[in-house]
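Database features, via TrEMBL:
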- ASP59: active site (ACT_SITE)
- ASP264: active site (ACT_SITE)
- 41-381: domain 'Peptidase A1' (DOMAIN)
Amino acid sequence: MAHRDQLIKARRLAVTPASPTPLSFIGGNETSRISSLGFLHYAIVTVGTPPLTFIVALDTGSDLFWLPCDCTSCARSLNTTSGKTLELKIYSPSNSSTGMPVPCNSTTCGQRRRCSIRYNACAYQEVYLSSNTSSTGILVDDVLHLATDDSQEKVVDAPITLGCGIVQTGDFLDAAAPNGLFGLGMDSVSVPSTLASKGLAANSFSMCFGPDGVGRMVFGDKGTPAQKTTPFNLKQSHPTYNISVTQIIVGENATNVEFSAIFDSGTSFTYLNDPAYSVIAEGFNSQVSEPRYQPETRIIFDYCYALGANQNSFEYPNLNLTMKGGDQFYVNAPVIVIPRQGGYAYCLAIVKSEDIDIIGQNFMTGYRIVFDREENVLGWTDSDCESSLFVALLCVRASFSQGFISFVMHF
């Protein structure tokens, strides 16, 4: 009987269809954190026929992929840290032979969107958490140029729906995502959902956030069996990458506190409500030795500490989150170093929230994060994203000891 069961199992395994090869952007799977553009990770994407390239922010907190399109107030260039000016492309469906506005009677338009009489197409308006920040325009069907994430790098032209962003406001004009936003959420209009529904990739993707600001983005990546996981909370009317935390450990002090938060790569830093915020902030403050420092008003963090003129290292307590299911999420980079008059300071890079709880991109540093929408789990594995190239004015190296992390700064 056991032998027969093994034969049946083997036969089932033999007919199980193989998952599609994971995909990345046609120019490669590399992403990069751009500090001057909101500390977000950006990727170079290629859209349309003939193909145009865009530098887009990667955002797991929203669904729609949109590009600046047929607009008059869009950013046309970007000044780099090297002093060079980078010209930014503007998308237009009329200039792409594969581009076509989505008609108002399309199922893609649905009940949640209205019809633009002016453009005779399905309209959209996306409003974001940043003050007065939005993108408004019409939906367009076109092609996103991808490639298999393997040695063959086979080209895959994926039909997608994107936003033709005619009017952008707020941070999108200069501070963040001036050349487009790549929504990676759970809605059917998002690129991961589209790739999965068309059988081009597994319904999962990964993002890696290296400590040096370089990362990776792979569609169809389900991670490894060894990764730690926690389930998504999917009972909301609009599903997001929402997870639950059951315990906070600061140094050697553990506090049982339950809260849910969205893993949002489109938010630079982490926003927490009380009691979670106070548990971390007060526990952190009680275990550091440097004096509190009040930064200038443009700094959004409450807990900052001044470093001495000749001080090139400091210690602070480890921060761990116990996720629902019991796995530990160690926060590799809970602090940020800032300049001050006569030297430097460091801040606990958490903002007190009056709204929703958000695990921002800074907490994801040092991990390959897997957003598995098939198993409905978030996965994470320690990773430096196989990257070693990074040039900065201030380089930080970390070493670990009992409940504390020590930073050594090189100027």
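All residue numbers here begin at 1 and follow the chain in the order shown.
Placed from the backbone N, Cα and C atoms, the Cβ positions cover glycine too.
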Cα-to-Cα gap, ASP264 (active site) vs ASP59 (active site), nearest whole Å: 7
For ASP59 (active site): intrachain residues, at least 6 apart, with Cβ closer than 8 Å: LEU40, ALA177, LEU181, PHE182, GLY183, LEU184, GLY185, ASP264, SER265, GLY266
Average pLDDT across the domain 'Peptidase A1' (41-381), rounded to a whole number: 93
DSSP three-state assignment for ASP264 (active site): coil
Cβ neighbour count (within 10 Å, all chains shown) around ASP264 (active site): 25
